[in-house]
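Remarks on the structure that follows.
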Amino acid sequence: MDLPPQLSFALYVSAFALGFPLNLLAIRGAVSHAKLRLTPSLVYTLHLGCSDLLLAITLPLKAVEALASGAWPLPLPFCPVFALAHFAPLYAGGGFLAALSAGRYLGAAFPFGYQAIRRPRYSWGVCVAIWALVLCHLGLALGLETSGSWLDNSTSSLGINIPVNGSPVCLEAWDPDSARPARLSFSILLFFLPLVITAFCYVGCLRALVRSGLSHKRKLRAAWVAGGALLTLLLCLGPYNASNVASFINPDLGGSWRKLGLITGAWSVVLNPLVTGYLGTGPGRGTICVTRTQRGTIQK
């Protein structure tokens, strides 16, 4: 399923036009709340917003690349820089969403115990670990992909591959024997594991809501808020990571579906700010999972 280059261009540009200002607003709102009281959810939201902002900045270049049918438009040394700037936030976003979901679940299932131990510095440690994991994996993969290129003067250098038609292609012409297992490991560790954590936490939040004394309307709203991270993972990041699994099983399935998955992944910069809920001046609703206990209402 190959999308027309013009449609791919329009989708990337639209994601940038919507996602860039939304993430600026989300970061601004989170910073405003952090000045009053820094919480673990705010730490995750700030990292997710900065991650999505970096991803959004790369989308115009991705749009130009799509319009040129995959040809790399910049000087060759910029390819690995673009690869890190584009794919690091694409993978890190799943980890931050899982961390947000875990905080909601712990706040709902163990309100008093979690309130006693939650500290922003622990959340900073989690965020640093997520960034380190993503960057180390991407750096290792890029290093392995380019390490032999200096000995093979025919095509490849710094992630660039020159196909037969002479057009430079950044990363997409990566040696399939190296690309398939590397992308599969990325997806298992940086998508499917966060997806399982997010799904488990979502079910836990739903169970806590069922036992709560909230009105039906507030239960529905809280359930929607808790499920936002899971929805973003499935709709935006799911297709791209599913294509990595499919291409590992059957190499003929990877190409066109991977391009479509990259487009849906780009739209995570639009949905993530809506999930975190710090776009306005009011409370960050996106970080709340509410449960009613005998002593009152606990919010995370």
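Even glycines carry a Cβ here, placed using N, Cα and C.
Judged by membrane topology as recorded in Swiss-Prot, P5 sits across the membrane from A208. When Swiss-Prot is consulted, the disulfide partner of C170, picked from C79, C127, C236, turns out to be C79. Swiss-Prot records N-linked glycosylation site for one of N153, N165, namely N153. By the Cβ criterion (under 8 Å, sequence separation of 6 or more), the transmembrane segment (224-248) is not in contact with the transmembrane segment (9-31), since fewer than 3 such pairs are found. The stretch in closest packing with the transmembrane segment (257-279), judged by the count of Cβ pairs under 8 Å and taken from 80-101, 122-142, 179-200, is 80-101. Ranked by number of Cβ pairs under 8 Å to the transmembrane segment (80-101), the listed stretches 42-64, 122-142, 179-200 are led by 42-64. Averaged across the topological domain 'Extracellular' (1-8), pLDDT for the predicted model comes to 84. Here the disulfide-bonded residues are C79, C170; the one with the fewest Cβ atoms within 10 Å of its Cβ is C79.
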